[in-house]
Amino acid sequence: MRIAIADSISATTARMEKLRGALEDKKARKLEYAALISQHSDGKVYPSLEAFQEKLNQNTEHIEAIEEATLWYNKVLDLRIECGQGVKFIFTNVDANNPDKEYSFTVRHEDDVYTLIDCDPQLHDAKELLIELNKSDGLFKFVRTMRLKFLEAEAHGLTSQDQDATTIPMPAPISFISTDISDETSPQKEEPQPDEYKRNSMKLARGKRDRSSVLSPVSASSNHRSPRFKVTHIL
């Protein structure tokens with residue numbers, strides 16, 4: 001009887017030790033999981049979940065500030081951003097005559113160095129502005145300055161065109177020189193009658209005195225033709 005009771009106590013003690021070991025193992029796993037949860041993506045380990053949550057809130061506020069600034073730039077500067085080999089900044093409402101016309105430049109940031117890949121249209125001050133950007137690392141200021149340069153370039157172009165337009169000499173008015181053209185229908189001056197016509201008139205006045213010299217009506221009418229008719233007939 002005593003042997004049976006001793007065996008039962010030994011078995012119970014062994015089971016308790018086993019359960020105690022399992023409990024310690026679960027506690028160790030719980031601490032391990034807590035440490036994993038408190039880790040951030042940047043590799044830093046925070047002492048508690050509260051610190052991790054605080055850091056997450058700060059990052060969220062920073063992202064919201066960036067989004068708000070981006071919306072402000074889009075609204076005020078009429079800016080659109082496209083990503084590719086670099087970051088392309090596209091402006092509109094620069095040309096008052098063509099508000100939809102796009103002015104753009106593309107910047108790439110690599111190894112802490114800004115590189116201007118493209119600029120349309122080209123700006124003479126772009127290289128100097130890029131050097132200043134790499135010194136100050138002020139990208140937002142660079143974007144604002146580039147828009148101002150586009151505005152200045154557009155205004156300068158319009159001013160030059162206006163000056164060219166005012167200096168273009170106007171052609172002198174065409175003077176029409178009237179030519180003296182004689183009127184074909186104007187009456188022509190009567191030419192002096194020929195001597196033959198006078199002689200025929202004298203013969204008609206003689207009457208019957210010289211019958212052989214009287215002209216027939218046909219010949220008379222032919223001789224009485226006006227000089228104008230003769231000229232026309234000859235022509």
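Glycine residues also receive a Cβ, built from the backbone N, Cα and C atoms like all the rest.
Bear in mind that the values here come from a model prediction, so they are computed numbers and not experimental data.
Feature list (source: TrEMBL):
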DOMAIN    84-150  domain 'Chromosome segregation protein Spc25 C-terminal'
REGION    177-235  region 'Disordered'
COMPBIAS  186-199  compositional bias 'Basic and acidic residues'
COMPBIAS  213-222  compositional bias 'Low complexity'
COMPBIAS  225-235  compositional bias 'Basic residues'
Local confidence of the domain 'Chromosome segregation protein Spc25 C-terminal' (84-150) - pLDDT mean | 92
Summarise the domain 'Chromosome segregation protein Spc25 C-terminal' (84-150) by DSSP state, stating how many residues are helix, strand and coil.
-> 23 helix, 23 strand, 21 coil
